[in-house]
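Per Swiss-Prot, the features are:
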- H95: active site, electrophile (ACT_SITE)
- E167: active site, proton acceptor (ACT_SITE)
- N9, W10, K11, G173, S213, G234, G235: substrate binding site (BINDING)
Amino acid sequence: MRTPIIAGNWKLHMNPEQTVEFVNAVKGKLPDPSKVESVIAAPAVDLYVLKKAAEGSDLHTGAENAYFEVEGAFTGETSPKVLNEMGIDYCIIGHSERRGYFHETDEDINKKAKALFANGVTPIICCGESLETREANKQEDWVVAQIKAALDGLTAEQVSKLVIAYEPIWAIGTGKTASADQAEEMCKTIRETVKDLYNEETAENVRIQYGGSVKPANVKELMSKPDIDGGLVGGASLDPESFLALVNYQD
């Protein structure tokens, strides 16, 4: 049985003081982690206080990016080794904003996934198509290619532990949401791709999130779908009450 996982992606929002206020507002009201896993992925400058504030609570922590080298002359990058030393649980890689603005390639994302696993941090690997690709009805081919590239060289055991986030680019921060049926169709395709690459057990274990304008008003419908195991949430994760409504969607 896959444990649902709702992860907030704060992007370039929140300072350390706001981070502590947020955690204090939510930490006593989170669901049992055996029922729903609650995660906040914060900017690197907030991670230390996020982890400290979340200690003793059911809030898991995540980074928004990491490099594929653990140390060296890589100005401005984040070390997966240091994330592990800080006790950070997850790291988002391959987000469309990283791919688009910072020209990250499928090869980069694959190297990052391997580096994170080598350093004991669980990757949340993002994939998703543009509006142009969807209108050409090539969304499945696009996402399957992204998944194959991202998972190249990973073991079945590793893949069964990671999280894949399907985020159609046209639905991120636009207010447009893929319908629950569209989201389910693509998450099912991702699961079938994992089955083809590995085996049925691995495909049944991997958790697949939907991301793209997820909010309290649509989370229940999305989470009712058999192949959607969670949400990767942007704007709706910045407000404590909104985040609590998302993670407590089963209530």
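Backbone N, Cα and C atoms are what each Cβ position is placed from, and that goes for glycine too.
In this structure, the CA atom of S213 (substrate binding site) is 9 Å away from the CA atom of the residue listed as 'active site, proton acceptor'.
For the pair formed by E167 (active site, proton acceptor) and K11 (substrate binding site), distance between Cα atoms is given as 15 Å, rounded to the nearest Å. For the binding-site residues G173, G234, G235, the largest tally of other C-beta atoms within 10 A is found at G234.
Put plainly, the recorded positions K11, H95 were compared by Cβ crowding within 10 Å, and the winner is H95. Between the alpha carbons (Cα) of G173 (substrate binding site) and H95 (active site, electrophile) lies a span of roughly 13 Å.
Cα to Cα, K11 (substrate binding site) and the residue listed as 'active site, electrophile' are separated by 10 Å.
Around the Cβ of the residue listed as 'active site, proton acceptor', a 10 Å sphere holds 27 further Cβ atoms from the protein chains shown. Neighbours of the substrate site: apart from N9, W10, K11, G173, S213, G234, G235, residues of the same chain with C-beta atoms within 8 angstroms of the site's C-beta centroid are I172, V233, A236, S237, L238. According to DSSP, N9 (substrate binding site) sits within a strand segment.
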